[in-house]
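K.L.:
According to TrEMBL:
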TRANSMEM  A:33-52  transmembrane segment
BINDING   A:41, A:43, A:48, A:272, A:304, A:421, A:425  Na(+) 1 binding site
BINDING   A:44  Na(+) 2 binding site
TRANSMEM  A:64-86  transmembrane segment
TRANSMEM  A:107-135  transmembrane segment
TRANSMEM  A:189-210  transmembrane segment
TRANSMEM  A:222-245  transmembrane segment
TRANSMEM  A:265-286  transmembrane segment
TRANSMEM  A:298-319  transmembrane segment
TRANSMEM  A:409-430  transmembrane segment
TRANSMEM  A:451-470  transmembrane segment
TRANSMEM  A:482-503  transmembrane segment
TRANSMEM  A:523-548  transmembrane segment
TRANSMEM  A:575-600  transmembrane segment
């Protein structure tokens, strides 16, 4: 299709960070540090704290860092630079950028918009849970430290006794979860109120775009690092922290032979940097065009990965403390049973002497010992207990915090950190939703920006209320698994291919040279043309293969389950599977739909002039 | 003469108080766990105090015959510190029913605990469940208070931001009407590309390709 070339760019384009009035009223960053922090805050999110440590632990400890580094160097950084460079050069949000590169690729921008919208919905719901826990942390003793009394006050609540106080607080008092996804239940007003507060906070911060988020980001991006450091210092001084660190970081090279490990590393680096959301494109578009985006890309990606590592050291030391604590309590319980049964003097069996005493009693009176049905206490079993996602934060970590001296303060710090981590990611998500709408002029000029962001937040809040139902957690897991993963890989693949092959590698390299002053080297060019697209394609195919291997199922919290407190594995009903498929395919459909619409528009335009000629 | 009688009495006592005997209760104390360094040793004087407390609890039951310390029998004291006890009637022939003893102990559990500086968990009467303390329910849950504070701050801040935005846009609307120089006004409003206003370019149906760059731009790189 013809592309008109004006004789040159506007003189007003010659700006650097010291320039003055922005071209056509486009907002701009106050300083470079604000932009850096915004991109960093968007990239560093909840996943750095609760997904990376879990992956490290389950995939061979220190050995996982190898596939992670490979993925970072060959997939993460090249893709990241493409996003920043393209946004900075074309000075538009994701929708405008892809329309400018090629109208057939405008669907990529629409897909990014759709993905950002879907992710905003459930991401802020997770933040509302964090807020609920934060609000409940301002009391001593913490509400999840002990079981509440049952209905007739003679004993503890049954469901709580069967599982644990923290699980009960999470599943019953927070979520009030139903036993099946088909059973929607009622809206939980506590969660609804927290959700409203979260959306109000988000609105307050993004009300005028980067003008307001730029001020808020100083706090929300830096506070987590302070808290992580505090937790690291506290964690390393707790007993048993070293066990956690050594056990969980000891590399197990055998696991590298499992393709699942490489797949997880590739997807983790991908989601960790928040690629293909359109948020980085939007942030970079507010830069002056002459800015060293190459340095920014490498710096932000490295800091993001180092943050993941830093967070996992903190998390592991606290988990090591918890495992040691649980192990000690297990031993104490067994010792008490032995002492009570054999009427031995108090404190006659120490934790170290437990095994010897047990062996002695087993040889002398094995039937009585067998009747006690003692559980075996091995430290490795407790260290192996791991969880990712909300399970780590709301069950495991909360239990660990209860045993720390000064528990409410640590709980407040921990949930405050999670809240600010998620909030800075939400800024990027909302920017990715609002900036393209503003760029494409969907709203008339007289509508103020505050109204548009308000409308976006209101719509998101109303749609997200379905996550406050009793089955909301199951739906959130569906969104988490299906809404983002597949689509982002597809969109990223189209991004790389679009920039390298449609826009043209030579033109892109010239642009980068103009912006940064140096041409991209061999590493960049090889990655962009060959390695990254191939890697993405492999990841996509492997991902679909793993998905197709077994039908998707979910684990329900059912107090009536015979193996309670283990979670009951259930299959998704048909209509839920259809919803999952729709969610994963929606952004891809946007891409195809937009391309098709453009094709039709071109055809009709070609037909109309021909009609005019023949008349 | 008295010797066989004494033997008989102790034998009867022994029969009345035995582990798992009818109406007998096992008691378990964990003194070291409760008091640590300040733990006292369990001797016959402590046993006497215990028997006195049980007798006291039985006496507090209204409309009953008075129980004496001698009616409370202890047996099988172990190193753990655990033992069994029964309460006999004044004739010392049979033991009082377990239900009565249970309710009496439950009523005065606090007093018994305090006499030994122990708690429900460290002075256990097996088979006598303790009444759990009612939970401390504040009238307004704490989280609502903090939530109210935070929400008010957010509402106030958002309103201030919206109002300041409206005020700023009103000031911007008033400024162009004050400006006299129309050329300055045009320069401020219209983006110019090479002398051609961008709006007119759009009107001619041309596509602006922002991606194109001429070689004339000679600007110092950063």
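Every residue gets a Cβ built from N, Cα and C, even glycine.
Where in this structure would I find these features, and how exposed are they?
P.N.:
Residue A:425 (Na(+) 1 binding site) carries a helical DSSP state (H, G or I).
Around residue A:44 (Na(+) 2 binding site), the C-beta neighbours below 8 angstroms that are at least 6 residues distant in the chain are A:221, A:224, A:303, A:304, A:307, A:421, A:424, A:425.
Tertiary neighbourhood of the transmembrane segment (A:189-210): same-chain residues 27-29, 34, 38, 124-125, 127-129, 131-132, 135, 174-175, 216, 220, 283, 286, 423, 426-427, 430-431, 434-435, 449-450, 453-454, 457-458, 460-461, 464-465, 467-468, 472, selected by CB-CB distance under 8 Å and a gap of 6+ residues from either end.
Taking Cβ pairs closer than 8 Å, the transmembrane segment (A:222-245) reaches residues 37, 44, 307, 310-311, 313-314, 316-325, 379, 383, 404, 410, 413-414, 416-417, 420-421 in its own chain, all 6 or more past its ends.
Listed as Cβ neighbours of the transmembrane segment (A:265-286) (distance under 8 Å, sequence separation of 6 or more from its ends, same chain) are residues 26-29, 35, 38-39, 42-43, 45, 47-48, 51-52, 55, 59, 64, 67-68, 70-72, 75-76, 79-80, 83-88, 90-95, 97, 109, 112-113, 115-116, 119, 210, 293, 300-301, 304-305, 308, 425, 428-429, 431-432, 435-436, 484-485, 488-489, 491-492, 495, 535, 539, 543.
Long-range Cβ contacts of the transmembrane segment (A:298-319) within its own chain (Cβ-Cβ under 8 Å, at least 6 residues beyond either end) map to 36, 39-40, 43-44, 48-50, 52-53, 56-57, 65, 68, 72, 76-77, 80-81, 225, 228, 231-232, 235-236, 238, 241-242, 244-245, 248-249, 269, 272-273, 383, 386, 392, 396-397, 400.
Residues 117, 120-122, 124-125, 128, 175-178, 183-188, 191-192, 195-196, 199, 202-203, 206-209, 430, 433-434, 437-438, 443, 476 of the same chain lie 6 or more positions beyond the ends of the transmembrane segment (A:451-470) yet place their CB under 8 Å from a CB of it.
Among residues of the same chain six or more beyond the transmembrane segment (A:482-503), those with a C-beta under 8 A of the stretch's C-beta atoms are 78-79, 82-83, 86, 98, 101-102, 105, 108, 111-112, 114-115, 118-119, 122, 267, 270-271, 275-277, 528-529, 532-533, 536-537, 539-540, 543-544, 547, 580-581, 583-588, 591.
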K.L.:
Verify whether three or more Cβ pairs under 8 angstroms connect the transmembrane segment (A:33-52) with the transmembrane segment (A:575-600), leaving out any pair fewer than 6 apart in sequence.
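P.N.:
Between the transmembrane segment (A:33-52) and the transmembrane segment (A:575-600), which are separate recorded stretches, there is no contact, as judged by 3 or more close Cβ pairs.
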K.L.:
Who sits close to residue A:48 (Na(+) 1 binding site): which same-chain residues at least 6 apart have their Cβ under 8 Å from its Cβ?
P.N.:
A:272, A:304, A:307, A:308, A:311, A:421
K.L.:
Counting Cβ neighbours within 10 Å across all chains shown, tell me which of the binding-site residues A:272, A:304, A:425 comes out on top.
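P.N.:
Sorting the candidates by Cβ neighbours within 10 Å, the top entry is A:425.
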K.L.:
Report the residues of the chain - excluding A:41, A:43, A:48, A:272, A:304, A:421, A:425 - with C-beta within 8 Å of the mean position of the site's C-beta atoms, for the recorded Na(+) 1 site, in sequence order.
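P.N.:
So the extra residues in range turn out to be A:40, A:42, A:44, A:45, A:47, A:274, A:307, A:424.
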K.L.:
Counting only residues 6+ away from its ends, which parts of the chain sit with a Cβ under 8 Å from the transmembrane segment (A:33-52)?
P.N.:
84, 126, 210, 213-214, 217-218, 220-222, 224, 268, 271-274, 279-280, 283-284, 286-287, 296, 299-301, 303-304, 307-309, 311-312, 315, 388-390, 392-393, 417-418, 421-422, 424-425, 427-429
